[in-house]
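Enquirer: From TrEMBL, here are the annotated features:
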DOMAIN    B:8-129  domain 'Na+/H+ antiporter MnhB subunit-related protein'
TRANSMEM  B:12-32  transmembrane segment
TRANSMEM  B:38-61  transmembrane segment
TRANSMEM  B:73-92  transmembrane segment
TRANSMEM  B:112-136  transmembrane segment
């Protein structure tokens, strides 16, 4: 049962601190066995999936409610699943070396393994809600991982930014998925993809598509939501390598690819995806060369790659699909490897600035080789897989049906910039003059080399002999799933001399030139800095600051700490709402006759007297007693109308209320008039209006009988079904037991709250030091 | 500042408290058929302890309660409420369906609503007594 195995990952994550105690430094290796096992299982399923197209693995969870955890295994989810598990194993091993002796290694393992499981669940899920839950889990685990160095204010800020952007998109995604479920009448992806009805014609298509795209674009860092991804580089490098290049940021791409056969191909889809994707591609590549931080360089180039993938989905031709799957695979392999190389450089030299490094080739020959291979794939140089991906990409851009000139221009410019970035990352640190670095560099340990080496080797072998390793078959299955029609993928290094190849060669030359001139180009680009400050990130900041200001304003207005204001606001709201529905929406109609006895008048009279006295009394005790009189009069009314249970309850509650009030009275300051006479008139008017409205409400409720009262059923069935003659009690413990259970918890919470507040205030006086420090912690300003 | 009671209050409280507690149990058990029930019974019992608190103060009441902290009673109440849910689950019936068993020798009808009602009783008793006791305790400590 694969579902069980995948979910066990969460248990494994929870247990990892214990594993840490047993295995110490080797925990990472032990944990890596988990993704390795899953990868092996996925690989074993591959022949069947490729043969049959898809595999539906159902696990009934709550059969009576129709809730099941179903996994859909087809070419697309298989490719993603393999990427996640293989990369996961590499990253875990790598992290063991990178974070060696880190005191919080166990916490890192928890978050990373939990992320891995969530991501795997996301790509395997068949149910829309399952997909959504795993989607949100990846956001949360990503938040924990970006903020791993929680003592650093930048890490916290970046983590929060990533969370806000992706979760805001997640909200849109939820709306989109619900619309999708309504439009298609099914909550299962396999059914939605398999059905005949065309969702493109559906009335809900436009809102649904916009919501889904918002979710996918925020997650996959498309322009203008791209700004969170470079900031997410505050995470430890293994996280950047895993989440922010190969897996999580591709979740949005995965969703788009998954829904492409049902939703793709319309003018709207093609327009939005091609233009946004191409813009993201160019913006990412352009922003990359501004930076000298190696991780930022890679992050912006990841944005460029994500934009490329979106654009290819937008183009939607058969060629574009082939390019999409090839580019996806190639990018994950080389970018993962390059990020790990960046981590090695950072780890060994103590700096992330590429201009501060140089000539490391002789000191770190293995790292240099890995970096070179990965970067050549990145730059699209034969015979690596990246070259094939890039050829196919250029080919499909040239064959695009819409916006062809724009896309070709953007793709060409982006590939020049990308090539420059690839050379900067791979050549700059290893060749040229030796620089002095904060740490004395030497070759990285084996655990940090094995992961990137495997990925780089993958780039090389899949480029040289794609058919032998089964890549063709797997990518064929994936491309078929994405397009909805059979597509035969046959990767090859040589497609003949065509426009794409010529463009490739020209861009290689220009890219190399740009790399050579990088330092002077960067100086010239710094002129743009003032313009850059007004980018989308500034928009995000001003929105967040606006929200904070608004909440401060409304908190001051509504929660100023004065009980009288709270009550006033509540009552005015009550008047507005009840008044609106009684007076404006229903014309009040009363049908009752005034048939009262003398003793009833006496009881009601004493209530009114009590209420009046409570308002004019100048002593607290007097007010409490007169409110008590009202309460006891109500109890009397209950008795008169033969409701003994209510009467007893009312009596007891009233007694205890008086006792509690008396106890509290001693703690209050002396009675004094705090309000002006104008305010008192206002309060009087509000109170009178509430009283009149409630009276009207009761009279209306009494005159209108819209439904058969439920009490008849309860009275009839109380004895035969619930074995009780006291209907009030039967309602409390049987008919409405769930309500009572909830009320018990409310009561308990209220009591605990009262006790805690009293004890806490009491504790503050005796131990003012801890109280002060907690205040400081609570007051920490919002730094977003 | 709450002053400890007079001799009349002291004497009355000493004799009334056990009676009130007994009465609360009576109310609790008859609740399903006659006026009464867990909520009312819990309030009566809380009233008993409150009376004792007024008469003899916090520390004397704590001695009467011995090891039992009112706050623990809240937990016991909630726990009983949750436990009463479980049998229906085992019988494969919907959540909170009442289960009835007759205990043979004393011919007593036991049921999950009764367990639930006892839970309500303890939750109410613990909440009210806990609040009153804490209020008085804090009062006492302040000059």
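Glycine is no exception: its Cβ is also placed from the backbone N, Cα and C atoms.
What you are looking at is a predicted structure, and each value in this text was computed from that prediction instead of being measured.
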Enquirer: In the same chain, which residue numbers or ranges, 6 or more beyond the ends of the transmembrane segment (B:12-32), come under 8 angstroms Cβ to Cβ?
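Expert: For the transmembrane segment (B:12-32), the far contacts come to 5, 38, 40-42, 44-45, 47-49, 51-52, 54-56, 64, 113-114, 117-118, 121.
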Enquirer: So what's the mean pLDDT when you look at the domain 'Na+/H+ antiporter MnhB subunit-related protein' (B:8-129)?
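Expert: Averaged over the domain 'Na+/H+ antiporter MnhB subunit-related protein' (B:8-129), per-residue pLDDT gives 86.
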Enquirer: Would you mind listing the long-range same-chain contacts of the transmembrane segment (B:38-61), meaning Cβ under 8 Å and 6+ residues beyond its ends?
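Expert: Sequence-remote neighbours of the transmembrane segment (B:38-61) are 2, 4-5, 9-10, 12-14, 16-17, 20-21, 23-25, 27-28, 31, 70, 116-125, 128-129, 132-133, 136-137, 140.
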Enquirer: How many helix, strand and coil residues does the domain 'Na+/H+ antiporter MnhB subunit-related protein' (B:8-129) contain under DSSP?
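Expert: Secondary-structure composition of the domain 'Na+/H+ antiporter MnhB subunit-related protein' (B:8-129): 87 helix, 8 strand, 27 coil.
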